[in-house]
């Protein structure tokens, strides 16, 4: 074979190899395109995602693609369409209270990253229930937990997490800078109210869906404060009560009507012989009922009810089963303040059923220990101390604290009535437990049911002191 023939042969072989390679590459491209079409052709991109989602440590894996989604809760099988929570249903008939949640946050916080908190409360939308709380800007078992017995500081903030979970940096959502707060959902968005600032010039910041919409300046310059539990939404309007003035004498009390975060009306209560603090409010047949704390001179609880025009009535629970702490032994009640052991108090709640009342209270008369629910069938209007039902929730030997009401609307439960619920704060640490350098709490909650319930104790259960305390 001469040199020219060798060159032609080698060139032909190279060209053949190149053509084969090109054909293989084209086949590879076609196969990838066909495979992609098969995978995506049948998907409806506007519908609900049917992929399997596995959540671990606040991160989401979707088809082996890592996506970090912070503070996002996927509510499976729920229609997320906005609604208007009517709030016009009556309270559900109940026979007792079923345990609903327990977060065990102090126990978990001995080893995990859990916020130092107080004043937890629960509020529900038509899709979910969340625990709100006032953090101290510190974690349990950390040096910044020192001195957190203080109520008001610039480090406190209103945050929220899914109900039943220990509040941590990994599952909690920031809501507002606050040392006093309230929150509620109207079916379309969350309203949050956070009060912060100096005692003589605090300001309440209103947010709707996370955006500042309004502010309220302290009008008496005496520690503006609000409910420390959920506000109430009825037919698109939300209602809250604020107090400004002395904690041991007559103060100023205002009701605010709020729509999408904007104040549309407010009134001041004419109640010179009453004292209203830290009200626990709920809707009932289109009206709002609030049961509050008298820190001035009442060992029974004051109440105020009002309609959507803010026409109101006031009074005190008449029952001789007294609901505040400290309080005297049960006996002769009054529809006015019962002044025996009436000074000081603790946030609490009651539910009215006609002339009857479910009273939530500490088991101890003098300290924040234990908790029980009592059904007094005539206690709203009569002054005797007779009752029919007592359900134990926390034993006398275990610490409790604040308590408050929240409801589950029919839009959430599917019932034709408003389900009454309540939460109890289980305070640990200072000032009572002096082996610690901190003050914090966990929480439990219960909901009313018309079926069997248990008498038991669901205490905080943490073993103190922690490592930081030694």
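Note: Cβ is positioned from N, Cα and C throughout, glycine not excepted.
Residues or ranges marked as active site, proton donor/acceptor by Swiss-Prot: 151. Summarising the annotation, Swiss-Prot assigns active site, nucleophile to 402. Swiss-Prot lists 118, 152, 277, 278, 293, 368 with the feature substrate binding site. Positions annotated as disulfide bond by Swiss-Prot, on the basis of sequence analysis: 92-417, 124-129, 184-231, 233-238, 279-292, 281-290, 318-335, 421-447. According to Swiss-Prot, the feature N-linked glycosylation site maps to 44, 58, 63, 70, 88, 146, 235, 365, 455. If you look up Swiss-Prot, you'll see 36-90 marked as region 'Hypervariable stalk region'. Annotation source Swiss-Prot lists region 'Head of neuraminidase' at 91-470. Among the features that Swiss-Prot reports, topological domain 'Virion surface' is placed at 28-470. According to Swiss-Prot, the feature transmembrane segment maps to 7-27, an assignment based on sequence analysis.
The subset of recorded positions (118, 152, 235, 278, 318) lying with their Cα within 10 Å of the Cα of residue 292 (disulfide bond) consists of 278, given in sequence order.
Across the fold, the C-alpha of residue 184 (disulfide bond) and the C-alpha of residue 233 (disulfide bond) stand 7 Å from each other. The shortest Cα-Cα distance from residue 335 (disulfide bond) to any of the recorded positions (151, 278, 368) is found for 278. Inclusion criterion for the recorded positions 279, 318, 402, 455: a C-alpha placed within 10 angstroms of the C-alpha of residue 368 (substrate binding site); this criterion is met by 402.
If you measure from the Cα atom of residue 146 (N-linked glycosylation site) to that of residue 281 (disulfide bond), you get 33 Å. Cα spacing between residue 238 (disulfide bond) and residue 231 (disulfide bond): 7 Å, rounded to the nearest whole number. Contacts of residue 278 (substrate binding site) defined by a Cβ separation under 8 A and a same-chain sequence distance of 6+ are given as 225, 227, 228, 229, 292, 293, 347, 402, 404, in order along the sequence. On the backbone, the CA of residue 277 (substrate binding site) and the CA of residue 318 (disulfide bond) stand 18 Å apart.
Here residue 118 (substrate binding site) is positioned 19 angstrom away from residue 421 (disulfide bond), judged by their C-alpha atoms. Least packed by the Cβ count within 10 Å, out of the recorded positions 151, 277, is 151. The separation of residue 417 (disulfide bond) from residue 318 (disulfide bond), Cα to Cα, is 26 Å.
With a cut-off of 8 Å between CB atoms and residues at least 6 apart in sequence, the same chain places 391, 392 near residue 455 (N-linked glycosylation site), listed in sequence order.
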